[in-house]
Amino acid sequence: MTKCRGRRRLHLSNIYAFKGRKSSFQEDHSQIGGPGFSRVVYCNEPNSPASERRNYAGNYVRSTKYTAASFIPKSLFEQFRRVANFYFLVIGALSLTSISPYSPVSSLLPLAFVIAVSMVKEAIEDWGRKKQDIEVNNRKVKVHDGNGIFRQEEWRNLKVGDIVRVDKDEFFPADLLLLSSSYEDAICYVETMNLDGETNLKVKQGLEATSSVLHEDSDFKELKGVVRCEDPNADLYTFVGTLHSEEQRLPLSIQQLLLRDSKLRNTEYVYGAVVFTGHDTKVIQNSTDPPSKRSRIERKMDKIIYVMFGVVFLMSFIGSIVFGIETREDRVKSGGRTERWYLKPDDADIFFDPDRAFMASVYHFFTAVMLYSNFIPISLYVSIEIVKVLQSVFINNDILMYYEENDKPAHARTSNLNEELGMVDTILSDKTGTLTCNSMEFIKCSIAGTAYGRGITEVERSMAMRSNGSTLVGDELDVVVDRSGPKIKGFNFEDERVMKGNWVKQRDAVVLQKFFRLLAVCHTAIPETDEATGAVSYEAESPDEAAFVVAAREFGFEFFSRTQNGISFRELDLASGKTVERVYRLLNVLEFNSARKRMSVIVRDEDGKLLLLSKGADNVMFERLAKNGRHFEEETRKHVNEYADAGLRTLILAYREVDENEYIEFSKNFNEAKNSVTADRESLIDEITERMERDLILLGATAVEDKLQNGVPDCIDKLAQAGIKIWVLTGDKMETAINIGFACSLLRQEMKQIIINLETPHIKALEKAGEKDAIEQASRESVVRQMEEGKALLTASSSSSSQEAFALIIDGKSLTYALEDDFKKKFLDLATGCASVICCRSSPKQKALVTRLVKSGTGKTTLAIGDGANDVGMLQEADIGVGISGVEGMQAVMSSDIAIAQFRYLERLLLVHGHWCYSRISSMICYFFYKNITFGVTVFLYEAYTSFSAQPAYNDWFLSLFNVFFSSLPVIALGVFDQDVSARYCYKFPLLYQEGVNNLLFSWKRIIGWMFNGVFTALAIFFLCKESLKHQLYNPNGKTVGREILGGTMYTCLVWIVNLQMALAISYFTWVQHIVIWGSVALWYIFLMIYGAMAPSFSTDAYKVFIEALAPAPSYWLTTLFVMFFALIPYFVFKSVQMRFFPGYHQMIQWIRYEGHSNDPEFVEMVRQRSIRPTTVGFTARRAASVRRSGRFHEQLNKNFIAF
């Protein structure tokens, strides 16, 4: 193509149908200056007094949870909103008073340690977010310095009114008013994938008043202008404003606004004025503040803590009543002494004084609350924090989730939600860049009723691997699976009949020639020729269009130049057999949009013939064929259906010759409509193009694979087998989303589609009439009616024996009404009854609202996954937000909880790490309450034994260090290393994941079971120790057992039993577990000797108790051994019976492995069938549906069941 040194001399606006620069003042502009439209921007004067008085937001953005100023107060609030931490804060304050049963240091020190560790963890995680914010805010852009020179400046320093220059393939740093571009008519191409998920390029155009005078950097020296526009808002698709420049008042629309995080494509550079900065930009207006997310298990844990509070207060209350009665009745006896003389009631201020028994019981209540605080595990939160951080380290360093191509490992940006990964019920996924990798490949075509292309799609390959090598394509083709991958980007076509010029030998060579010419001419791509190699590359508005032009080149029709009104290409001449250059004069482009579903060009060939070349969706193209243009319709329809089954995107290609007079009339009307400034301009253009695009002659169809990321079908299949529901929320048009649904097996042919849209004739008529209220009312009624009809279909299916699968597909306009408060429950009921849900043309706000509805309406865990800025609201609204760290921007990753490089890694993240984290955290919390109840009940029983005199059974430091040193490390090791099932079996039996979805491992039944186990263990420890030592002399000197000896023996039994209980509960032993379990027991003996050797003023009643009293006594060791066996036998018996007769999912798999069935393919397949239902998606379910239709399904299932 022709290039000039400064600007490309292509007036592309002349051939497009969009409004271009001929704007008009319509009713929206009358609001300028009123409420909601008060923004004033002084272009090129960002530092003027008038600008500074406005005090607009800067361009610095942050996604962090804390700032330097808010970290301490906000982090302390986060810690003390945990009810257990607040409880221990109150206990710590009470320990400073005289009613405390132990020293304040032993109470406050563990609390300070717990809070400090948690705050350090929060700081480290937020620093990671801060570094990503720094990366974005420090990006560079060229900014006008006021003297006609543009200098590099960081994004964060931009101000409203600055003039910036953005070069090709750079992101826009703020919302900009387009002033001029490298094209003379101020055209520029913008990729908005980060905003709406679409990869097709949008065409923007600046005003003629600015682009005609602003050509070079120096032209901006004298630029002055004032923009008056709407205030910051979240609407991505509208913009209302005016530009006042040199006594002109020019209207502005969304056509002139370049949005932050969009990318400049196919345009060398643009100049723009900054209108909105930072948090005022539309993309960030669509996001919300980073939420403080807490997992369901943590919230349930708080409820358990509340229950334990109730138990503590109840025990304290009962003990206080008993203590008050005992104190009141403790009068002076005949010997001149009270019955409890050893408590010295005569010296007591209130305690033990019979004359003030009521106040004594009140004081006792507070003392007992402090004494029983061991029921609440103070180290639970900090242990979970440590475990979650270590779990996150394993996730971050998992080599199987490392994407070598982009050097991107998985990154858990917060560790608060690890266990939630094992409880996901619904995944809400973006499409573009998440399921797909943003590349299209030309793979098949049908020309003149003959199918060409021997390639195989990813969906077919996945099906073939699981169907003994058979494929889903026609038997007449000798299908060759090309495992080497495409050698040319956008082209994965193999067929010797048409490649390398062999198409000329085909019977319908003339039709093939017209087909390939249409591919080479009917587009808006721009060629770039490498001067060194002569190779031609293309920059297209969409990946589809680029794939078509590349395909034409590979077939021998190379498009190489575009001028103002001409398209040049090389082709093989049928007559001479030589390559010749042809130039077609380009007259008009009738561009594609979602309503037309087609794109056409009108050209004049070298013979002077006028040709209309058209390509579009089958449902709009077949109805526009002439009677004599349908020769291959039946065969083409068949091929198109086969391509759709294989997950391919199809377009129909057709043409016709245009009469000269007809074109003159069309051109006149078309130009009048283009230049119209009336409200019905678009409908006028549609009517004129509708009359032109008729009586077409069919040539054939193309089949393009919207290239899925590697492993997406397999990943979706595994997730579906795990019982996870998958919704797709995309900004793409409905046809594209449906094609991807088929490609990744979310949809299948026999699945009934419930499509909700507003494409009815009645609503279209109202739209033409422009009656807004009537349109809104009719649209609402239509959506409600369609939802009710869909629900009726579901009800009818569920009442029958067929159990059909349904897919709900809804567009963005309909979604607006479906999400209204009065109808959203009806929408959710319909959606949750369907196997697949696809929401098309969804705005970022709608994605977030749908996510919120699913989360709150189902009460189950939701996971949102996306890669663009348009997904931020959705990621933050979901229980878990997963960002794809792809090639386009970092906004999604910065707002996510976990970042992965490819969608396929979600399989391992959920089925392996998710299940492990859920299983570990659940077992860990249950065990924590078990050991603390065991500990607390022994304290309670001892105090009851001492007539509720607030006497602790153990030394102060024994009380404080039990949770910190003698029982914490084994439970941390459990949370980090335990594996109930190996990763291999997590993949082999995805149904295991349902343990987390149904929360079986952290149900109230299991929690209460562990609590009863703790109560039984405490009863065994106290009564067996007390009775065994009650009547014994403890040493040769005749000394009997005192509190220090009984307490030391009970504490020893306690340490042994809780650690041995851990050994019984572990499924996967490593050397770490051995070290921490036996090391904790050994640490108790070491501590007892060191602590007992200290001065009595510090060690108090533990002074030399082990060396001189416990160790020499055989009864101490025999009692410890006997109590251990007695306390643990019930748990061992229960687990043995459960494993044999009532196993859970993971226990079944452990048993299968033990029995050796895991390597039996038939047995494994039979177990898998339990997770396949008629409403399950994925290619395994697709294959099962095929078997079911053949009548062999139930017979096979019965055989498998009998065998099991």
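The backbone N, Cα and C atoms fix where each Cβ goes, and this holds for glycine too.
Checking TrEMBL for transmembrane segment across the ranges 172-189, 928-945 points to 928-945. Counting same-chain residues at least six beyond the ends of the transmembrane segment (1114-1134), those with a Cβ under 8 angstroms from any Cβ of the stretch are 1013, 1016-1017, 1020-1021, 1024-1025, 1028-1029, 1032, 1034, 1049, 1052-1053, 1056-1057, 1060-1061, 1064. Residues 957, 961, 965-967, 969-970, 972-973, 1048, 1051-1052, 1055-1056, 1059-1060, 1062-1063, 1102-1107, 1110 of the same chain lie 6+ residues outside the transmembrane segment (1075-1094) yet bring a C-beta within less than 8 angstroms of a C-beta in it.
In terms of C-beta pairs under 8 Å, the stretch of 362-382, 928-945, 1045-1068 lying closest in packing to the transmembrane segment (957-977) is 1045-1068.
With respect to Cβ pairs under 8 Å, the transmembrane segment (928-945) is most closely packed against 1007-1025, considering the stretches 304-325, 362-382, 1007-1025, 1045-1068.
Residues of the domain 'P-type ATPase N-terminal' (41-107) grouped by DSSP class, helix first, strand second and coil last, total 32 helix, 3 strand, 32 coil. Cβ atoms under 8 Å from those of the transmembrane segment (304-325) belong to residues 83-84, 87, 357-358, 360-362, 364-365, 368-369, 372-373, 375-376, 925, 929, 940, 943-944, 947-950, 1007 of the same chain, restricted to positions at least 6 beyond its ends.
For the domain 'P-type ATPase C-terminal' (893-1143), the predicted model reports an average pLDDT of 87.
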